[in-house]
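What TrEMBL records for this protein:
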type     : residues : note
TRANSMEM : 76-100   : transmembrane segment
TRANSMEM : 112-133  : transmembrane segment
DOMAIN   : 153-300  : domain 'Palmitoyltransferase DHHC'
TRANSMEM : 197-220  : transmembrane segment
TRANSMEM : 265-288  : transmembrane segment
REGION   : 306-334  : region 'Disordered'
Amino acid sequence: MRSRQRLLAAGMRLLLRCLRLGRRRRFWLVRQGEHLWRYGHLCLRSLLYNSFTNGDVVLDSLFEPVYWLVDHVTRWFGVVFVALVIVLTSSVVAIVYICLLPLILQTYPPGWICWHLAYGHWNLLMIVFHYYMAITTSPGYPPQAKDDLKGVSICRKCIAPKPARTHHCSICNRCVLKMDHHCPWLNNCVGHFNHRYFFSFCLFMTMGCIYCSISGWDMFRDAYAAIERMKLLEKERLQVAANQTYYQTPPPTFSFRQRAFHKSIVYLWVLCSSVALALGALTLWHAALITRGETSIERHINKKERQRLQKKGKVSAAPGSPGPAKEEPSSTCPSGLQVFRNPYSYGVWNNWKVFLGVDVPRHWLTRVLLPSPHQPHGTGLSWDVPPCVREQRAPLLAI
């Protein structure tokens, strides 16, 4: 009897303890809900009662979860993209060596053989070198201490000095010197110290894809016709087997080696042509930016700033050309308004020389047409006139 009473009392105590814990848990959930409601109410009030709020700020706030998801997916899948580039490039090189090179050696005259061997291996060397340097070279990061940096601001996200032309990368979660963009195919930011490697890789990869597409056009047509013939003969063979007419001779079948050969040729041509179109457009876009002395981010910044100043009537409506100073000897137009121009542009020819690091004429061979690990002009912290720029620019509206 006593043991039964003790068990009943123990059960009651356990029940009361569970109820007490459940009550505490319920109160904790209520407090968390109140905290989230107050935080959301504060965020909403900050959006509605902020004098700087406009449609762009509201859209950015609404799409912030999407931006966060894209940044994290790009960060984690960067290695996958790099592996994909290596695998696709290696497959094309293997097909060229196994399938195309024997045909070239057997059917082409000696002059064309020397041309294909020389150009193909040079282009492959340039692609491999610049891609390796682009993914392994740091884009450049500003120092955490201000020290003697001139004209720096403070980054709102990493709370650190932010020199001119420096921008914060949300994927790398740090500021990058002369940032252009974060490239998932490199798993790295494109900045001051690896911008040339990135553009050179895009240029030589496009040239290599165009070379493979043009050189393999006749082989692609023959391989495609052979594959269609394979499908037709396979259909005839199935029809013969279904009719069970033993007196008919079944159509010949293609061997596995022949099928693999023709399908490899089609795969190579389709892949190279697609990459040539997509990457060629990207290369032309970056070439236009380099010609104007801008990065992808600076292009949008300059465009918005030009529109803002035009609305205020401080600059002319004519677009400020980033060309050489001799085309615009004065910083004012005939109407008396100033002309908006990129302060980091030294003229079309000089922009390319600064970007490629060409100081003397022989550098076009040793630094452009041959692999070269030379560093770009400057440290990325200050933007003085490089030594290769001999012409002095006219006074500009420094924006």
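Even glycines carry a Cβ here, placed using N, Cα and C.
Just going by CB pairs under 8 A, the stretch in 76-100, 112-133, 265-288 that sits most against the transmembrane segment (197-220) is 265-288. Taken through DSSP, the domain 'Palmitoyltransferase DHHC' (153-300) splits into 90 helix, 16 strand, 42 coil.
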